[in-house]
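Q: Dropping the structure in here first, questions after.
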Amino acid sequence: MTLFSLTVTVVFLLCTNHGVNGYSSYVPASACDDMVPAHKVPGQTSSPPYELLVDKQTYSVGEQINVTIQQTGSQTFEGFYIQARPVGRNEPVGTFTALDDDITLVVDCAPDTQNAVGHRRTNYSLPIVQKTVVSVIWTAPNVTVGDIQFRATVLQNFTTFWVNALASPVITDPTATQGPTNVPIATGATTPSSSTIGPVVGEDPLGITTDGCGVTKGCYGVPDGCSPPNCDLLSTWVTDATTETVIVEVTGKSDGYVAIGFSRDKIMADDDMYECVRHPTDGNIEVFSSYSTGHSRPTRDDTNSGVSNVEVAYSNGLLSCRFHRAVRQTARAGTGADQYFDLGNSSYHIFLAEGPSEVQSDGSVQIRRHTSRVYSDQPVDVMSIGQVAATSTGATTPPSATVGPVVSEDPLGITTDGCGVTKGCYGVPDGCSPPNCDLLSTWVTDATTETVIVEVTGKSDGYVAIGFSRDKIMADDDMYECVRHPDGNIEVFSSYSTGHSRPTREPTNSGVSNVEVAYSNGLLSCRFHRAVRQTARAGTGADQYFDLGNSSYHIFLASGPTQVQSDGSVQIRRHTSRVYSENPIDVTSISLVATASTPLLVKLHAGLMMSAWMFTVSIGAVLARFYKPMWPNSTWCGVKVWFAVHRAVMILTVLMAVAAFVIIFVFKEWTFVTGFNATIHAVMGIIVTSLAVIQPFMSLLRPGPDEPNRVVFNWFHWGFGTAARIMAIIVMFLGLDFPAMDLPDEAMYVLASWVVWQALSEVILEQEALLKCCGQADTKEKESKEHEEIEMQTQKSPSSVDLNPEPKAAKPSGSGFKNGFLAIYLLVLTGFTAAMYSFIALH
């Protein structure tokens, strides 16, 4: 039974390794608010056997604190998640620094960065690190946030964890001052001085429309071209010269708040904000003038100066506010002039956001972290009239994104006209033209600007990407991602693929310009200029930005899904389709590139190994272990039926394994591979093949049934064979994930299902044998002796025929069940093998 448990263990570990699990390299976005891991099991309610320690009891702005989680007994832990939160508030503040990058990952909770820290697992081929103590450094923000407390979730393992259960003592800030206090909004309560409250206009919206956008007023909304009530977020503005104010309207789908902000950059920090907030309980709506530092909840103006003529409305999930904002203001009350932006002399990026609100302990209503946010790619002069295109979503669109205008719902008009004549082209299927190309890229050099105009398009609603590679393996390559956000916005990222993790995006997107994007009817398209030469990627090295003018590169095209991260950014996931050029391409020349696929020798290697270790060896092992008593009166080729088949399939297994072994070394030109997974695959593959070759030679030395060394032989024969089978399973799983194979995830699931089926089949047959043994002990002993004596016995020659033959042996009990199960087993095994063949052949 050891084989079964080992096999199931291998499958479980490998499947867990391959899929997404709780110990991923990022924290789910929901954890930023509730600190709950996405494990789909409830947390513990008991006291955790761990503690959270800090090295200071007070702090000041910019000061560092050492934070430690450690065991209080002998129980280790596998995961953790820590935030610092102002007392009485839920948003994380400050920044963390990891002291051990191998087990610690600093993460972003929008709109800030590096304000949380959790566990990290860098190598999924190794066991999870069991921790007794973990320390990190927290740095206080550069502005006062008041007294804080560290909170932590700790995971003993995947299913046993304590949510937000560890808390440090409150750490005080002696320099903090009492902020403005809002009086509870209730019947008879005083309206807080920090807000300007307008009358609630029944249940009807304010009548905000997009009529006149770009003609009589400026507008910015998402989706592009929307009109209320179908806008997720919308703002309009027009100058009133008589009162020297800007009439601002903001509306969105929210029952908490909508807000507009004016920013000098694309980061929501040190910005001029206006909150339209709805009270969660009584429905009153207020407009607040505030200032966002980017490190905590916006600070509201004591007197709401500069805001007048407020109108508010809420109806059917649409929250709307209209107010006058003074063009110029001396300063915010109690703050400084730099916190009140002069809309008459400068242009600003416009931010729109919406999210939930919550009642504080003092009865005031504050905004929580946004659930949706967008901003304009270019600064906007709100004194002029213009319509701003939506360019980005999420608070954390990285600075590495170059965002182009969304070109309505039409593709960019990328065609294959002139391919090989006026421009270079590479697409699949060969000879395709959009919209019938699965993937397509074109390129042409613009000598005037010293750039290459790159077009990439494909059937995807997630991303399409083009990469330049020095070889046929997607690692250490220059990549360009065309990524579509879930809300429809599209971005182009310059990135670098190491082949071991998600591509690293370049902070400034340098070398990429003139971006155009489009999405229509499932076709995602991007066009951009890529500098022929670039000194280096920002913060990296020159070797990560390939010089397209002096070298040729293999071209990779890929498409697949995207995933929203905990920081609000959108990252690409593992490709669902990928192709690459067989030969290096000079993209400064004009050529028509043919598609490459998985090399034939690689497919032959994979197919032969699958045949050997998935099909033939499984049949041979099952027959030898469970079917010796079957067919007692029949022989094939002079030996018992089970042995004839066992011998044939095992010889075939050795021949196929040796052939596959030689083929892959010929393909690699007798050189050894590099990389962790590839090295493990190769080394274990050599061991497996060696064990397979040893088996037939060992059989030649088999002692006779009555010889005392026969037991020793049986154990060695079984041990070598079992070791080879288990190691072969591991090798096959590793091989499926190789870039050269480019197999879909479904191949991994099929292989895992086969191993489960094989283990289950052997368990069923083993149980049947045990039941038979218990019920018919004497018969079992007799049959066992008979089988041992005649398992290799050949037929007697005609001259030696016994003139008084014994009666034919009776069929063994349970033969009907075993014959029926064997037929089902072979049918299912054939199906799994055929499925793997199809994956290998078609990719």
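Any Cβ shown, glycine's included, is placed from N, Cα and C.
All annotation found in TrEMBL is predicted automatically rather than curated by experts.
The signal peptide feature in TrEMBL is assigned to 1-22. Under the heading domain 'Reelin', TrEMBL lists 9-192. Taken from TrEMBL, the feature domain 'DOMON' applies to 231-355, 437-560. Positions annotated as transmembrane segment by TrEMBL: 604-627, 648-667, 673-694, 715-736, 822-842. The annotation compositional bias 'Basic and acidic residues' is assigned in TrEMBL to 781-790. Look at TrEMBL and you will find 792-802 tagged as compositional bias 'Polar residues'.
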Q: Under 8 Å for C-beta pairs, could you tell me which stretch among 604-627, 648-667, 715-736 has the largest tally with the transmembrane segment (822-842)?
A: 604-627
Q: Find the average pLDDT over the domain 'DOMON' (231-355) in the predicted model and report it.
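A: The average pLDDT of the model in the domain 'DOMON' (231-355) works out to 82.
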Q: Any chance the transmembrane segment (648-667) and the transmembrane segment (604-627) are in contact, meaning at least three CB pairs closer than 8 A with a sequence separation of 6+?
A: yes
Q: With DSSP, how much of the domain 'DOMON' (437-560) is helix, how much strand and how much coil, in residues?
A: 3 helix, 68 strand, 53 coil
Q: Determine how many residues of the domain 'DOMON' (231-355) DSSP places in helix, in strand and in coil.
A: 3 helix, 68 strand, 54 coil
